[in-house]
Structures are given as C-alpha cells and as structure tokens.
Amino acid sequence: MKSFIEVAKPVVDSGIYMCAKFDQASCEALAQVQKLLGVENPVSAEKLHTTIVYSRKTVDLFPASGISEPARLVDVEKWDTKYGNTIVGVLESDYLHSRFNDAMDAGATYDFDNYKPHVTLAYDSRIEDISGVKRLLTLPVDLTIIKEDAESLDLDKTVEDITEHIEHRGESS
C-alpha cells in the first residue's frame, strides 16, 4: 500500500492540515450552542471541525473515515486570533489526542506549546466577556466524530473562507 506522501506527491512541502468532522446531530447541537451564545459570524454547520494537525511539514498520516468516536464539549473560551475574538468550544476526546500524537510521531510540526482540542464556534464574534453568556449553556455536550479530512496547509485563509455570516444561514429568528 502506498503511503499518504506517495499518494499526495507534494513538489513543494506546503505542510498538512487535518481535521475531524462531526455527525449531523453534533453539528445541530453545536449550532444550538452558537445560538445560545448569540455569536456573530458563526462557523457554518458544514465547516464545523476540530483541527488535529496543522503542520508546516507534510507527514505520512492518512485521514480516517467511517469512524464513530466520542468527544465532549466541556467549556467555551474566547481566544484572541488574527480573525478577532474567536469563540471556541473546548473538547475532551481521547481519540483527538491519540490522532495528534500519531501526527507528532510521524514528524509533524506544531506552533503551540500544548494541543488543546477545540471546535471554533465563531470568528470575529465581538463578544468581549464570554463568562456572561457561558452560563447559558448546559455542559457537557456529547459529540460524535465521523471522519477526518486533510488538505495542504493554507496559511492565508480569510474569515470568509471559514465562516458563514448569520444573515446567510436562513434562520427566521
């Protein structure tokens, strides 16, 4: 069997981005969390994900499919990122830690001190104090990971590439 690198055959090593995707029920539960928090610029259901690998070096790790792995949303935090006030749901998941460790063992790079599994709920949210709205949530929220996707690392994604503004969601409320 060919390795991932043999299949992808990168000429210039742009790195690799791999993420875990959730089932429909999990995406609906996360959309409810977004709604309860009242976030602006929510990540759309089809773009909700958890980053596993964000490596400046391509590694030999195939994305998994046909899986059913549990994860739990256990907290919500505000992070200051290049996209503004980013609202993330902090996850507990042995599976995500295991896959991250697989990537690191395969030679992946990582720009942060620790791997903290999370799902981004909104970019440029304009929420300054998350503690006030966080109390509206009932945690934990059970989620199910059903597959992984991988692509070349793109360091120039815009907020429009990764979100869907609420006025485009088709919600009547």
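Every residue gets a Cβ built from N, Cα and C, even glycine.
As recorded in Swiss-Prot, the features of this protein are as follows:
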{"type": "BINDING", "residues": "Y17, E151", "note": "3',3'-cUAMP binding site"}
{"type": "BINDING", "residues": "Y17, E151", "note": "3',3'-cGAMP binding site"}
{"type": "ACT_SITE", "residues": "H49", "note": "active site"}
{"type": "ACT_SITE", "residues": "T51", "note": "active site"}
{"type": "ACT_SITE", "residues": "H118", "note": "active site"}
{"type": "ACT_SITE", "residues": "T120", "note": "active site"}
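Projection of Swiss-Prot feature records onto the structure.
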residue	record	DSSP class
Y17	3',3'-cUAMP binding site	strand
H49	active site	coil
H118	active site	strand
E151	3',3'-cUAMP binding site	strand
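For the active-site residues given as T51, T120, the lowest number of other CB atoms within 10 Å of the residue's CB is seen at T51. Here E151 (3',3'-cUAMP binding site) comes close to I16, Y17: these same-chain residues lie at least six apart in sequence, with C-beta atoms under 8 angstroms from its C-beta. Counting only residues at least six positions away in the same chain, the Cβ atoms of T50, T51, E77, V88, G89, V90, L91 sit under 8 Å from the Cβ of H118 (active site). Within the same chain, residues at least six positions away from H49 (active site) with a Cβ under 8 Å of its Cβ are C19, A20, K21, F22, V119, T120, D149.
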